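Data block below; observations after.
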Amino acid sequence: MTDRSAERTATRPPADRPSSGAPSGKSADRPGLGARISAVVGKASDEHRANANPASKAAATKASPAARPPRRARLRLTRIDPWSVMKTAFLLAIAFGVVTIVSVFIIWSVLSAAGVWDSINRTVQDVVGGQDASSWDVEKYVGMSRVMGFTMLVAVVDVILLTAIATLGAFLYNMAAALLGGVELTLAEDQR
């Protein structure tokens, strides 16, 4: 809109004004739309000039991108999807079960290779002394098949329990977050 059209609208009487000259409840001094827009734009440009003084420009040009502080965002964790928690917990519990089985196998193999079971058998025979002690073998009680079977049973129970507990934890968190508002996080970008 040009200045001329703003001047024309500013001097033109409103269309709903009575012809008798009496005001109809509106202000008789109210400028037109063009004049009001020009005033707002002028005020905004004056404010912009005031904010962009030479001292702040010099500081902005001297500051390097590494010197600016990292941006931060404050977020609130208000809901956790229980289905995604269950899938993730199930996968991690299976991984934990596999690690448990492999580590027990390695530990048992190392103990067997080191002669720990033979040493325990000799110690029991020396302490008890007699024919009953010579037939006693520790590997009947802690043999590879028994230990690995028990470990697999523990791993399966672990997978079920960890998955159920994690899913229940997601439901409980959602209820607590509905009451209290959730956990507040502050995220910041890396300084590089």
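We count from 1, first residue shown onward.
Each residue, glycine too, has its Cβ placed from N, Cα and C.
Keep in mind that TrEMBL annotations are predicted by a computer and have not been checked by a curator.
As given in TrEMBL:
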- 1-10: compositional bias 'Basic and acidic residues' (COMPBIAS)
- 1-71: region 'Disordered' (REGION)
- 51-66: compositional bias 'Low complexity' (COMPBIAS)
- 70-189: domain 'DUF3566' (DOMAIN)
- 89-111: transmembrane segment (TRANSMEM)
- 147-173: transmembrane segment (TRANSMEM)
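Long-range contacts of the transmembrane segment (147-173) within the same chain, counting only residues at least 6 positions beyond its ends with a Cβ under 8 Å from a Cβ of the stretch, are 80-82, 85-86, 88-90, 92-94, 96-98, 100-101, 104-105, 108. Counting residues of the domain 'DUF3566' (70-189) by DSSP class, helix then strand then coil, yields 89 helix, 12 strand, 19 coil. If you average pLDDT over the domain 'DUF3566' (70-189) in this model, you get 91.
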